[in-house]
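Down below is the structure, laid out as structure tokens.
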Amino acid sequence: MGVPMGKSLLAPLTFLALASCCFAAYRPSETLCGGELVDTLQFVCGDRGFYFSRPASRVSRRSSRGIVEECCFRSCDLALLETYCATPAKSERDVSTPPTVLPDNFPRYPVGKFFQYDTWKQSAQRLRR
């Protein structure tokens, strides 16, 4: 009435196989070098392009290493890779954002010499009354 040897190993082996798949899927980061690093950056950044060193506005105070130092010699993740993506330049033909339109109830105040003329005109009308 014992359990056959094959069936007794089935449950632990199944668990081991599932556990190894899950751990591989949740691996937080990996090292990328050479062509693999460039291919990954092209995939992540797409049409925006990328920099090998971060733009000055994105460099943290604690480090100013380039992507090779960060991803090839150490491990890097998707968030770090995205910091090296270039921001797209807005072209004249870009119509993704509509032009700013003032609402109808926006107060319009006269400026310049016309303002002085309107002030003089209002004063003259008051004097006539």
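Using N, Cα and C of the backbone, Cβ positions are placed for all residues, glycine too.
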C76: disulphide-bonded cysteine as recorded in Swiss-Prot, out of C71, C85:
C71
Tell me, from C33, C45, C85, which cysteine Swiss-Prot puts in a disulphide with C72.
C33
Write down the single range among 3-23, 66-86 that appears in Swiss-Prot as region 'A'.
66-86
Round to the nearest Å and give the CA-to-CA distance linking C85 (disulfide bond) with C33 (disulfide bond).
17
Other than its close neighbours in sequence, what residues sit by the region 'B' (25-52), given a CB gap under 8 Å and a spacing of at least six beyond its ends?
66-68, 71-78, 80-82, 84-88
Taking the region 'D' (87-92) alone, what is its mean pLDDT?
67
May I ask which of the recorded positions C33, C45, R48 is closest to C71 (disulfide bond) if we compare their C-alpha atoms?
C33
Should C72 (disulfide bond) be counted as helix, strand, or coil on the basis of DSSP?
coil
